[in-house]
Structure formats: structure tokens, C-alpha cells
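If you check TrEMBL, you get these features:
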type	residues	note
COMPBIAS	113-122	compositional bias 'Polar residues'
DOMAIN	59-283	domain 'MacB-like periplasmic core'
DOMAIN	325-437	domain 'ABC3 transporter permease C-terminal'
REGION	1-20	region 'Disordered'
REGION	103-122	region 'Disordered'
TRANSMEM	60-79	transmembrane segment
TRANSMEM	317-342	transmembrane segment
TRANSMEM	369-395	transmembrane segment
TRANSMEM	401-427	transmembrane segment
Amino acid sequence: MDTSAGLRDPTASAEAAGSSQRYPGLLAPLKRQDFDRTGKLLTNIVIAFQALWANRLRSLLTTLGIFIGVAAVIAAMLLTGGVGAKITNTINEMGTNTVTIAPGPDTEAKKGNGSSTAPATPSLTLADTQAMATLPHVTEADAMSSTKEQVIYANQNWSTSIEGVSAGYPQMQGWQLVEGAWFTSADDSSARAVALLGDTVYHQLFTTSGVDPIGKNIRIRDQIFRVSGILHAEGGGTSTDDLVFVPIEAMQYRLKNTSYVDQIMVQVDDASNIDIAQQAITELLAQRHHIKIGQDNDFHLTNSVQLLEVASQFTSILTALLVGVASISLTVGGVGIMNMMIVSVTERTREIGVRLSLGAQRQDIRNQFLIEALILSLLGGLIGLLFGTLIGYGITSLLQLPFVITPTVVLMPFAISSAIGIIFGFYPAARAARLDPIEALRSL
């Protein structure tokens, strides 16, 4: 027998009877006193849904903050995941047995080391490329150099990047031709004016006229180049589509008038020999560039593994930045849920008093309001997941990036929503549980 019954307000039974007529859906499940914890939980869930449905418009508007925040987080994660996958795929296509040499000292090695003692004009040359090709374990050494120019055919023109590369570079990258042929070592050594067009450049210059570009002449600066091939469309921001490739010798002597190159790509016979090859390259270039003891090298080396690490760090930082910005909306959404729950507690004071007078425990009241806050936030998270996925798919498709969805992307909205529901729903729930039943029944 409940010994506290005698302490209740004499009007409690009358109030309860009247309230049972007004809240049949809320009070009927509570008439059993012997249900277990599972029964209590299910009852609180039912009551929570009934209460939220009774104020469905307000409930829906309250979830907007969570919905927008979660959608932004999901879209940001899908975007950065696509960027990371694109970069990783590009690096993997280069192979795990490649080393990139670029001008300038190694900035990572120099961090915190003060000013540089490297020579004033750190540069790599075509002669360096040829010398590296003779080193042990080196199977290919290709130079690269680029410039931005207008490319003209008839009355069509297009501004794009011109890439000077060695004859073996396109094959090293695994590029495919739609038609035509690669330029040869003979084209390279004789600085022959031939060009490979990316898909975008081809369409910009030749689609209007409808002519076959192979063998046609295009103008780059004041030089005439013959089109020898069209590259297969790749898509994505780091693709070859909006590029024109010419032999490195033609780039250096016809367009840039210099022997210096932007970088050199070296292919090693096996990934296990990367360290040996890097050491040999470092010693060779230090000797050729007359680097003295104590001076910084005027070049730096990066292999595929290091590039993957840098790419991973970049995408992690970008993800954290975008998610951090999106979290502001989640915080606003959480405050919105707390405000709504406080209003709900105020509006349902008499209901809370009735439940307490009928024997409900304070923890039951607290749990009910916590469950309501959780349902609101989880609903916002679910809608946000759906819309965020659609937005992320649209953005990655527009940018021609891989669409990468992982278990983390799917589970994170529910984890975030649950945390927000508990954190921002706890105060209103505790406030409801602390109400005095007698005062609650007397409230208007």
C-alpha cells in the first residue's frame, strides 16, 4: 500500500478523475502499477509521441536547427571524403614507386630552423633529369614545366594551362587517348611543336567547327603546334581535361626560353628501393648543384607515401573546419529544443501533477521529457542525414568527385542527435521532475 496517499491533496483524486477524461491517451497506460522497466520505457515513448504529435507543427519547427546542422555536417563530410578519395586515387595512379623532386628546400625539415642558407635561385634542369635517369633502380625520369596561355584555333580561343612533359610521362600516369598518338622521344629531343589536348580544351576549340582535330594546327603564344592526340575525359578538379601537353623541350625553348623545370618525376623499379633511390638522387643533385656542407639543398623530394600522408592531413583539417562551422547550427538547434521543452513543461504542469498524484515516480517524469527531447533531436538528425546525403551527392557529382559514404557518415547523425537531445533536454526534464504535485494540480 502506498503510505504517501494520505499526504496528498484531498482534491487530487477529483483532479485526477477530471484529467483522466481530458488526457485519456496519457493516463490510461499509467493505471498499471506493476509494469517493469521495459514497460515504463515503452509507456514513456508512447506518451512522448502523443505529446509531440499534439504539437506537431511546433515540434517540426523545433527540429529545423538540428536538421540544418546535421545536413551541413553530412554534406561537409561527403565533400571532404570525395576530395580525399580523388587525391588518393590520383596519387595511387602514380604508383607507390614514384619520387617527385621539386625546387626549393624541404620546408618540413626547416621548420623552426630560422632563415634558409640555400642558394638564391634553387632550380632543377633538364640536364638533372637526364642524369637521374642513369641512377641505379631508376627506370624513368621525366621533367615537367607549366605556363598559362591562350590556345587559339581559327576563331575559337581558350585560356588553359600548358604542361611540358617528357615523352614517357603520360604513360607513367596511365593516361588514355581517345584518338591520335603520344608524342615520342624524338619529338621531345627535337623540341617538335606537337600537342595533346585534354577533353575540355578539345571541346572548346573544335566542337563548334566539328572538324577532326588530329593534324590541325593550334596557336600557343606566337608558336604553331600540331595536334597529335586527344586525351580521354577524366572529370574532377585534378584531371587532365583542361590541359594541353607539349614536349618538355618544346615548352622550355619555344614557350619559356629556359632550361629550368618545375619538377621531376622519377619512377623506381620497386617500392622497396624508394629509400635507396632517394638517397642516390639527393647525393647526385647536391653534387650537380654544388651544395656545400651546412647549406640547405635547393631541392626537396617527396614520395607517394608522403603525399598520401599530406593528403590525409589536409582532408582531416578540412573536415574538422567544415564540421566545426556546421556545429554552430547544431548548438542553435539544441537551444531551440531546450526552449521548447521548457515551454512544454510549463504548459503541462497540471498533467505532471496528475501523473505524480497517481503514483508516477519523479524519474518517470524526467525520463519522459528526456525521451521527448531525444525524439525531437533524432527526428532532426534523420531528416538531416537524408537531405545532407542528397546535398553531398549533388555537390560531388557537380565537382565530379567520388561519392564516398562510410558507416561513420551514417552513424554520426544519430550520435550527434542523441548527445544534443540528452544535453539540452536534461534541464527541462529535471525541472519537470522537481515539480511539487500539489502545487502543480493547483496551477491554472
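Placement of Cβ uses the backbone N, Cα and C atoms for every residue, glycine included.
All TrEMBL annotations are machine predictions without curation.
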Quick test of the contact rule: Cβ under 8 Å, at least six residues beyond the ends. What residues does that give for the transmembrane segment (369-395)? 44-45, 48-49, 51-52, 59, 62-75, 77-79, 82, 333-334, 337-338, 340-341, 344-345, 401, 403, 405, 409-410, 413-414, 416-418, 420-422, 424-426, 428-429, 432-433
Who are the chain neighbours of the transmembrane segment (317-342) in space, where the CB to CB distance is under 8 Å and they lie at least 6 residues beyond its ends? 58-59, 62-70, 72-73, 76-77, 79-81, 83, 369, 372-373, 376-377, 380, 416, 420-421, 423-425, 427-429, 431
Pull the DSSP breakdown for the domain 'ABC3 transporter permease C-terminal' (325-437) and write it out as helix, strand, coil residue counts. 97 helix, 0 strand, 16 coil
